[in-house]
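As written in TrEMBL, here are the features:
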BINDING   77-78, 102-108, 131-135, 200-203, A257  GTP binding site
BINDING   T108  Mg(2+) binding site
Amino acid sequence: MISNIFHATKTMIRAMERLNIQYGNPECRHLAELVMSVDDDRVTAFEEIHVNAIRTLWQDSGIQECYDRRKEYHLSDSAKYYLSDLDRIASPSYLPTEQDILRVRLPTEGIVEYIFDILETNFKFRFRMVDVGGQRSERRKWIHCFENVTAVIFLAALSEYDHVLVESEKGNRMEESKALFKLIISYPWFKRSSFILFLNKKDLLEETITHHHLADYYPEYDGPREDPIAAREFILRMFLDQMPDHEKPIYYHFTCATGKVLVLLKESARPAVSCTLLHR
């Protein structure tokens, strides 16, 4: 959490310069230099001087303007949550809550495997989940290693229809997700695998839709202006339209990253496994 707070603050400091936003308080320039001097990958504890600097920066009108323009750069979704609760988190007696832990951002590097069990009344599910989110380069050279896996879980953010890519200021994150989904579901290696689609960040969609009309980015959307239910159904249809085989079964859920995603995964697992075995 400490690393996430420093990383979010430094991200906004860099964006201030790129977006040509001025600090409301000129003294914040010196505070920004102080925060930038900290290695957010190595920091493990707060010093009072840094807490005071981050608090003052977060309250600055310039930083708040920069935060409001976060769709123009990449800022962690948990930035506001952590920075608004800075004093609680920086307290010597601080103990993290469940929400604090769920909102921590730990980027995946390479390919990571997780094995866990879900107990039912009369039997047990053993999940061997392989996260390839951190291994994007030369995908075609290794993707075949997962041929005929039981299921492919694909996550996409509902709220990022107005966000630019991390790698490019011109690309759109939702368009990238749609293109990647179409590519993955079209691979011959997954022809017999079930697909589970998690359209995530439904809570953030409710916030985004009040400020940025979906039709401004997708003119074909003709639903109500600030209706997150209509918006997420439209986004779901866009993803389903990417499927080359519309007869292929797919299990989808609208989720929140801080919710009980594992429960939904369990709900999808049984039919996904049955369907996959049926086609083998």
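Every residue, even glycine, has its Cβ placed from backbone N, Cα and C.
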Local Cβ density at D131 (GTP binding site) - other Cβ atoms counted within 10 Å: 13
Under 8 Å by Cβ from K201 (GTP binding site), same chain, sequence gap 6 or more: D77, A157, L158, S159, E160, T255, C256, A257
Sparsest Cβ surroundings (other CB atoms within 10 Å) among the binding-site residues L106, A257: L106
Number of other Cβ atoms within 10 Å of the Cβ of R103 (GTP binding site) across all protein chains: 19
Three-state secondary structure, which DSSP defines for D131 (GTP binding site): strand
